[in-house]
């Protein structure tokens, strides 16, 4: 009973912390969703069909994609607590032979964390599994798809902080003249971004405790403003939750309404970060925080803005249909300050997610080696990567200075977000069949239903290519090239070592011929091979006929599990006759 109470207390504490790290991104989307949607494609008319249609789209998108798909289905597809596109790939590598790196050992499957949903004998064979395992091109295509999803998350890590902070600071336009506003917003945004990235080295747990009260206050404030606007301006706005309003909206606005979906999809920003940040917290904590607080507050916030807009149509430009117009003048400054603080926090989710996903891709030999700092002694997934942090900061500032408006940033961010979601839908469908062993018809239904919703949004985003959507595509192309080349050369190096390795017997015979000298001490020879003597060592002893009395061949290898217990981390064995003093140590 005491253990259960302690477990529940831990879950509530993690749920509270998750507000500051996981949900900031999702929580601040009301700052820019309506503004991006009405930026150019559609206008806010007296009939209110547009605003009610947009509200209906926002409600059903949040409910179906974020709540149903992510919180109740995708978050279950974690890899021993780790989330993100590479975690799904790692899960698939464990249940099917789809990894391109050929260094798997039977001993790896004896790890306590190497859990399969069912043993291969019980699970039986699947046609999809046989197809994937039998075709190298399909394995490569799967890896490239995972890389594209990962690169879009990293692209989102550049765009989300820029659009979040910029949208929050843009609230100054209601209090400053146009000239003052133009010169104030960009420098303030850049200064806030520098401050945000400078905080990262303190670690997720400290940042979470610091940021969670801000997001809690922001969600309560947004919910309260929503309730006020609904009661004060239009109590009947709840009728827009009827899906018929979406059809009416599309019938009236036609092509321009379809193009405006690129702005509406920004309400889902942060859903993928929620999955990528799973390693920082736990499934139950993230689910509890979303269903009990984040989701109701977001829906009330969007409904409140729509209720205000149904009674106000006299805007100088469509750009003014933002969050702040619906905030009563009395509380506008405190709300502006809270929004700026919340936007700083909102960027934290995707930054933490970017660190996690780069760490996972590095483990899979898909990313150049970078320094990973573990900021928590208790939670394995809480990490900080200095090089990536400062690179993200420079790119964020470049995007802010280059685009200078919410419309272009929104188009770029929207394409990055929806591409990752499509990749996650494809991978989760495979996980359902190969890992959970669900009927293929169920996986197909999941893929068709969510894939069609996301494909609609993807098409609306892609058409904005020249208006900002080119940026995530360019970033993804550069990153995919880097990742694919790194992975390809890692495999080429491993294959070379494998084909050129020599046997210990050959080495012993060579030692006798050369009159080999054994010097005191321990010699460590690093290699990717799990068997045999690497060719570079045979060349070494040929040129310098001496090596240490104790020789250890060390292989540091990745295993498709998020963590290996300390007691199971080392496989040590003798190589050659007992008197030779040669050993092999495989560090997993």
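Backbone N, Cα and C define each Cβ position, glycine as well.
Automated prediction, rather than curation, is the source of TrEMBL annotations.
According to TrEMBL, the transmembrane segment annotation covers 12-34 (among others).
Positions annotated as domain 'K+ potassium transporter integral membrane' by TrEMBL: 14-508.
Sequence annotations record features per position, and here TrEMBL assigns transmembrane segment to 54-75 (among others).
Here TrEMBL flags 141-163 (among others) as transmembrane segment.
Using a Cβ-Cβ cut-off under 8 Å and counting only residues 6 or more beyond its ends in the same chain, the transmembrane segment (183-202) has close neighbours at 161-162, 165-166, 169-170, 172-173, 176, 340, 343-344, 347-348, 351, 373, 375, 384, 386, 389-390, 392-393, 396-397, 400-401, 404. What TrEMBL lists as transmembrane segment is 183-202 (among others).
Taken from TrEMBL, the feature transmembrane segment covers 209-231 (among others).
Marked as transmembrane segment by TrEMBL: 288-310 (among others). Listed as Cβ neighbours of the transmembrane segment (288-310) (distance under 8 Å, sequence separation of 6 or more from its ends, same chain) are residues 11-12, 15-16, 18-19, 22-23, 26-27, 29-30, 33-34, 44, 48, 51-52, 54-55, 58-59, 62, 66-67, 71, 216, 219-220, 222-223, 225-230, 232-235, 237-238, 240, 267, 274, 321, 323, 325-326.
Per TrEMBL, the feature transmembrane segment maps to 330-351 (among others).
The transmembrane segment annotation in TrEMBL covers 383-403 (among others).
TrEMBL lists 415-434 (among others) with the feature transmembrane segment.
A Cβ distance under 8 Å defines the sequence-distant neighbours of the transmembrane segment (441-463), meaning residues of its chain 6+ beyond its ends; these are 61, 64-65, 69, 73, 258-262, 264-265, 411, 414-415, 418-419, 421-422, 425-426, 428-430, 432-433, 469. The transmembrane segment annotation in TrEMBL covers 441-463 (among others).
TrEMBL lists 469-486 (among others) with the feature transmembrane segment. Tertiary neighbourhood of the transmembrane segment (469-486): same-chain residues 144, 147-148, 150-152, 154-156, 158-159, 262, 361, 365-368, 395, 399, 411-416, 419, 461-462, selected by CB-CB distance under 8 Å and a gap of 6+ residues from either end.
Look at TrEMBL and you will find 520-588 tagged as domain 'K+ potassium transporter C-terminal'. With DSSP classes pooled into helix, strand and coil, the tally for the domain 'K+ potassium transporter C-terminal' (520-588) is 15 helix, 31 strand, 23 coil.
Long-range contacts of the transmembrane segment (330-351) within the same chain: residues 20-28, 31, 153, 156-157, 160-161, 164-165, 167-169, 171-172, 174-175, 192-193, 195-197, 200, 207, 211, 214-215, 217-218, 221, 225, 270, 273-274, 277, 323-324, 389, 392, each at least 6 residues beyond the stretch ends and with a Cβ under 8 Å from a Cβ of the stretch. Beyond its flanks by at least six residues, the transmembrane segment (209-231) meets 16-21, 23-24, 27-28, 30, 237-238, 293-294, 296-305, 307-308, 326-328, 335, 338-339, 341-342, 344-346, 348 of its own chain at Cβ-Cβ distances under 8 Å.
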